[in-house]
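S.K.: Please find one structure pasted underneath; my questions will follow.
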């Protein structure tokens, strides 16, 4: 399972790169007279949203079997990285509705993108469907700023006439200025300025660059061994995308705990750390944070699929918690040892989480989740036991934050 963050970064870079060429360099007017928006830039944005959606659709069809038998949405809302409150209710929809969702997903990602290169009205329909699809994803999950960012290239499907209702008819307003420029261009008999010719050459060069960098991207899309969220140039100007090629069928969580007592004794009182958004306390409602992103919570979701040996940063986090490190504790919601001496030992337990059923006994008791222990994830560690590890990884041992005096 991909972390997704590579996609966000590459998509942000590519979107930002194209945005550079939307406006003239030396003119800051809201409606510059001699430098209209380049058709090449607009088509490049359509090419971007086309690759995002086709890449996501193709990786699904070629990936997890549940996308082909239309059952992936039975699991998605419960097992996605950071669910929100709506996810809880969407998960408990009838199976026939989940199959409809999966079919709709395939339609939006595999069919609708081809509308983006058809005549005006069909292009706008395609753009509107893509925006609506991203809005649904925003409502039903916390995928950071990704969905908001994906809306941006879809805006290139709409022209001035289709967006004019967004602006007032007041004199000297944007709509009035656009009409003035259009009339001036229509009735002008003067040849284009030198700057216009230079801009055309520059735009054609941009088109050539994007076409050249798109060659390996297209080859990847056509390949049976399609790689998703991959860059073929060092600057990540034209990339390949994809999402949820495989869907997790069970949700597991890593829960950090600390204690002052003997970690191997039955009398030790283990107290849980609560993260800002990821599931922990079963009575806490799922959070709503989009477009914000809690990166640590996101990484904890991926760590739960693996083990701590493949995620040594988890041990480093545990060491920080052993010292009540302010930088580390600022990334979590609740530190049970805040204002007290730090714990002597830290461990991480592995739990399976499932949504409670609506109107069930657990739900009426205020529980959003029910959990069962899978086993130990990270055995108890202390500052003394990790000295060799910290040295090997070239990590600095944190200063122990002393108990506050009252």
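Cβ atoms here come from the backbone N, Cα and C positions, even for glycine.
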S.K.: Under TrEMBL, which of the candidate ranges 179-200, 201-222, 223-244 is annotated transmembrane segment?
M.R.: 201-222
S.K.: In TrEMBL, which of 12-31, 72-91 is tagged transmembrane segment?
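M.R.: So the range that TrEMBL calls transmembrane segment is 12-31.
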S.K.: Using Cβ atoms and a strict cutoff of less than 8 Å, what residues sit near the transmembrane segment (37-59) while being 6 or more residues removed from its termini?
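M.R.: Same-chain contacts beyond the ends: 11, 14-15, 18, 21-22, 105-106, 108-110, 112-114, 116-117, 123, 127, 130, 150, 152-157, 199, 203-204, 206-207, 210, 214, 217, 221, 226, 228, 239-245.
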